[in-house]
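Positions annotated as transmembrane segment by TrEMBL: 7-31, 43-62, 83-108, 120-142, 163-181, 187-204. According to TrEMBL, the feature domain 'CAAX prenyl protease 2/Lysostaphin resistance protein A-like' maps to 127-219.
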Amino acid sequence: MRQLYSALIIVIFLAVQFAVVPVSIIMAAVNPSITEDQLLDQVLPYQAIAFAIGVIAVIIIGQLHKNKNRIERGRQADIPVTIAWIIGGVVLAYASQVIAGLVNVYVLGNPMESENTAGIIDMIQSAPFMILVVALLGPILEEYVFRRAIFGEIYEVVPGPKVVAFLVAGLVSGLIFAVAHWDFTHILIYVVMAYTFSFLYVITGRLLVPIMVHMLMNGLVVLLQLMFQDYIKQMEDIQNGLGVIIRLLM
């Protein structure tokens with residue numbers, strides 16, 4: 001029965017992602033002269049509503065099923081330890097993201113800025129209410145999907161030591177996470193973050209911990225992007241210039 005609930009959570013996630021497609025088609029059919037930006041502005045409220053409904057649905061489903069996975073069947077961290085892991089988890093997640101980002105740029109040669117992140121920032125600037133989706137609703141829905149429904153189920157069935165199960169489940173959930181964001185130049189970062197959130201889930205036995213850390217991380221990233229957008233653009237220009245020089249020298 002637990003697997004059925006997990007599958008249902010994934011279906012709800014997919015439904016939320018594609019909820020605005022029929023709305024967009026109808027709006028475009030009614031007003032053929034509408035521009036892409038105008039269409040986006042009009043469908044964003046519907047997208048936010050879809051996320052809100054999706055979050056409510058997965059929380060209800062999460063409360064309904066009592067057959068927990070082996071992570072949640074184990075010993076759960078008490079409240080003080082949970083709070084400590086949330087605070088420490090933000091530091092761990094941020095450090096992991098920075099290190100993975102540096103490797104992704106200077107070792108793998110990928111661009112510094114994620115197209116997905118840039119699109120999200122543009123969306124928030126166009127419709128500020130979408131920050132609630134990015135920093136609140138999105139992390140809840142994604143952690144139910146990628147941590148409980150995907151990581152948790154794979155972690156449950158992989159035979160052998162728990163370390164092996166963790167590595168396999170973390171890798172699979174991270175790769176799917178990258179595909180869901182359609183950002184293949186930053187796969188390393190998505191996989192590293194998947195391992196980080198999964199570690200917090202396993203070590204505390206509480207889904208609340210990666211949810212809170214994910215929320216705080218998304219909020220922090222959005223805040224920094226909005227506050228230091230010009231500086232980030234300058235750093236990207238410097239990075240691109242260094243890349244050209246290195247290629248010429250080689």
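Every residue gets a Cβ built from N, Cα and C, even glycine.
The transmembrane segment (83-108) is in contact with the transmembrane segment (187-204), judged by 3+ CB-CB distances under 8 Å for residue pairs 6 or more apart in sequence. The domain 'CAAX prenyl protease 2/Lysostaphin resistance protein A-like' (127-219): residue composition by secondary structure is 83 helix, 0 strand, 10 coil, according to DSSP. Across the domain 'CAAX prenyl protease 2/Lysostaphin resistance protein A-like' (127-219), mean pLDDT in this model comes to 91.
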